[in-house]
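Novice: Heads up, here are the entries from TrEMBL:
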type	residues	note
DOMAIN	4-132	domain 'Glycosyltransferase 2-like'
TRANSMEM	248-270	transmembrane segment
TRANSMEM	282-306	transmembrane segment
TRANSMEM	327-345	transmembrane segment
TRANSMEM	351-369	transmembrane segment
TRANSMEM	381-405	transmembrane segment
TRANSMEM	411-428	transmembrane segment
BINDING	Asn432, Asp493	Mg(2+) binding site
TRANSMEM	440-458	transmembrane segment
TRANSMEM	464-483	transmembrane segment
TRANSMEM	495-513	transmembrane segment
TRANSMEM	525-545	transmembrane segment
TRANSMEM	577-596	transmembrane segment
TRANSMEM	602-622	transmembrane segment
Amino acid sequence: MKISIVTVVYNNQETIADAIRSVIRQDYKNIEYIVVDGQSTDGTVEVIRQFEGQIHQFVSERDEGLYDAINKGIRMATGDVVGLLHSDDVFYSPTVLSQIAEAFQDEKVDCTYGDLEYVDRSNPNQVIRNWIAGEFVKKSFVFGWMPPHTTFFAKKKYFEELGYYDTNFKTAADYELMLRFLFQNDLEVKYIPSKVVKMRVGGQSNGTLKYRMLANKEDESAWVKNRLQPRFYTRILKPLRKVGQFTFSYLSNAYLLPILAMLLIVAGSLNSVYPDLFGIHYKIGLSFATAWAVSMMSIPVIVRVARMKHLTDNPNARSAHKTSTPTLGGISLFIASILGITLWTPFEVNHGFQFIIAAILILFFVGLKDDILLIAPMKKLAAQIVACLLVILGADIRIGSMFGILGVFELSYWASVLFTLFIYIVIINSYNLIDGIDGLAASMGIVAALSFGVWFALSGYHPLAILAFTLAGALSGFLKFNFSKSSKIFLGDTGSLLLGFVISLLTVRFIMYNEVASGPLHVQNAPFIAISFLIIPLFDTLRVFMIRLSQKKSPFYPDRNHIHHLLIDRNPSHKRATLFLALTNLVFCLISYQIFKNATPTATLVMLPLFFGLYVLMCYILKNTQAGIFENFIMKYLPFLHPVFWNKGFDQEEKKESAFFLAEES
């Protein structure tokens, strides 16, 4: 199969050589390369002639504009498949056309597209933003989606049958052509989940306000021509899709991220000296930002050191990962959390925090030793008991009432201590056990931390709100790298112990503050609401333990009965399974709080077994359904999720990390 590449150029002697080299360096050799010049006057033609013999067709003559020149090149093409490479751009790697050719081996495929990387015009190694296009879903056009046009390849016969670029459009002819091919004529398209092109920023179509306004007008003309019925949000979502790409890329910059972290640390230091400098709600938000920035900045360093010292986890038969992966993500969680707590928490009004910090230190060092050297399970359990008793006895953070469940209200002191210790240990180990696929423990932690954090903030318990938002910020920074490919890192026992401990602390505090009826946000049914915030980790641990005991195995015997294993065995990737479970947990939190927050103890005794039974039923259905049914269900009943989350592009690991990580590696 021959692939024709068309490059059009006019007065671009600075970058045309890079574009040509990226074509001739491709490892796929059945290529026809066509260059169409618009009678350049700046030396472009002389640069092109240096590659004579490696360019199959070259013409330099006047044209009627960019799209007229592109059409001229496509008509000249003799290949089976045609793709464009603008004179400002380069192919991302020498294997790009091999991937394109492989995609077209499927005779049903009519066209393909991939991901796009925007780079600085003068320095192509400086990433501005990434466009991760995602799997094609026709309805996504209504949500303002389109494939990156510079990564688009199509069989030549469709240009002849359906028409070339419409030269009546000055800026949106590429968008109109893809609407015509993919939306109006339903060509079979395949998404290639990797970067295809590096595109230099500063092109005509988005370089000025004048062109942007013209493009918006032409977008509407393209919709009319191709019978796309836009919604009121289509015009809004199309440009807004780029905002997240810009925001993350700039915040991940090798220079801006450390500066941001340092500014937040300085602000926190000033807060310690001048406690009234920031309002309390600003402090809560800044604690999240501080933990996020420190986590984002520290993880690349931890990954590099872990690889150098071979502090990695090697895959086995039960592992979800395929390569050796660092397991010291808990270090970043510890550093980010400690900084966020100490910089923004008003210790003068919360004397129990020194015991919390001490307990965190104990669990940190025990978890770190277990990640590096391994320790016996009973020793690890003993350390958990010591850390929890330190908080229970030292800070007096314990549950004193059963809220009338089973007819029990007030607990005696030692009954309260033992019951609270049991709660701590169960929650800590629940998060340890749920940490089985990428992002799951962190996502569950974020949902629980933000649920508790919002309640504490609105109820006036600001130090605990800061603790919760700090944990959520640290986990948010970690999550990016946990989903990564080239810089992947796991929480390890260090992280899962810290995560479980802080969540258990927030849980006990939430129940304690609701033991006394006061305030507009008082929750009469606090134990059930607290359980709902942790519903998936707790219910999954209980269900798996029951299965193992029924099979006469130790409850700690490893297997693949966790709900995340059942999900990924039905074909969803780690990201999709994690997202589904996190959203399920979040929805359950919201529904439970609104409906059951003031339920009676009797109702609680009925609801808990009922919801657990529904959870077991859901797991049973997952385990006994064929692979692919999960995806089919989403496609059929929740199609609105596709443009935002639920596409295979969301599944793919980005191969190139933030500029900061690359700078650290180099």
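Just so you know, glycine gets a Cβ as well, placed from its N, Cα and C.
In TrEMBL, annotation is done automatically, which means it is predicted and not curated.
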Novice: Let me check the 10 A CB neighbour count of Asp493 (Mg(2+) binding site). How many other CB atoms are there?
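Specialist: By my count, 23.
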Novice: Please average pLDDT over the domain 'Glycosyltransferase 2-like' (4-132) for the predicted structure.
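Specialist: Mean per-residue confidence for the domain 'Glycosyltransferase 2-like' (4-132): 92 out of 100.
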Novice: Test of understanding: applying the rule of at least three C-beta pairs under 8 Å (pairs 6 or more apart in sequence), is the transmembrane segment (440-458) touching the transmembrane segment (577-596)?
Specialist: yes
Novice: Take the transmembrane segment (327-345) and find every residue of the same chain, 6 or more past its ends, with a Cβ under 8 Å from one of its Cβ atoms.
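Specialist: Hits for the transmembrane segment (327-345): 264-265, 267-269, 271-272, 283-284, 286-288, 290-292, 294-295, 298-299, 302, 306, 311-313, 353, 356-357, 360, 364, 367-368, 371, 463, 466-467, 469-471, 473-475, 477-478, 481-482, 489-499, 502.
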Novice: Using DSSP, tally how many residues of the domain 'Glycosyltransferase 2-like' (4-132) sit in helix, strand and coil.
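Specialist: Summed over the domain 'Glycosyltransferase 2-like' (4-132), the classes give 34 helix, 39 strand, 56 coil.
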Novice: Could you give the residue numbers and ranges of same-chain residues that sit at least 6 residues beyond the transmembrane segment (440-458) on either side and whose C-beta is under 8 angstroms from one of its C-beta atoms?
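Specialist: Counting only partners 6 or more residues beyond its ends, the transmembrane segment (440-458) has Cβ contacts under 8 Å with 281, 284, 431, 434, 464-465, 467-469, 471-472, 475-476, 478-479, 482, 491, 495-496, 499, 502-503, 506-507, 509-510, 521, 533-534, 536-537, 564, 574, 577-579, 581-582, 585-586, 589.
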Novice: Report the same-chain neighbours of Asn432 (Mg(2+) binding site): residues 6+ apart in sequence with Cβ closer than 8 Å to its Cβ, ordered by sequence.
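Specialist: Listed in sequence order, they are Asp493, Ser496, Leu497, Gly500.
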Novice: If we skip the immediate neighbours and take only residues 6+ beyond the ends of the transmembrane segment (381-405), which ones have a Cβ under 8 Å from one of its Cβ atoms?
Specialist: 351-353, 355-356, 358-360, 362-363, 366, 411, 416-417, 419-421, 423-425, 428-429, 497, 501, 504-505, 508-509, 511-512, 515, 524-527, 600-601, 604-605
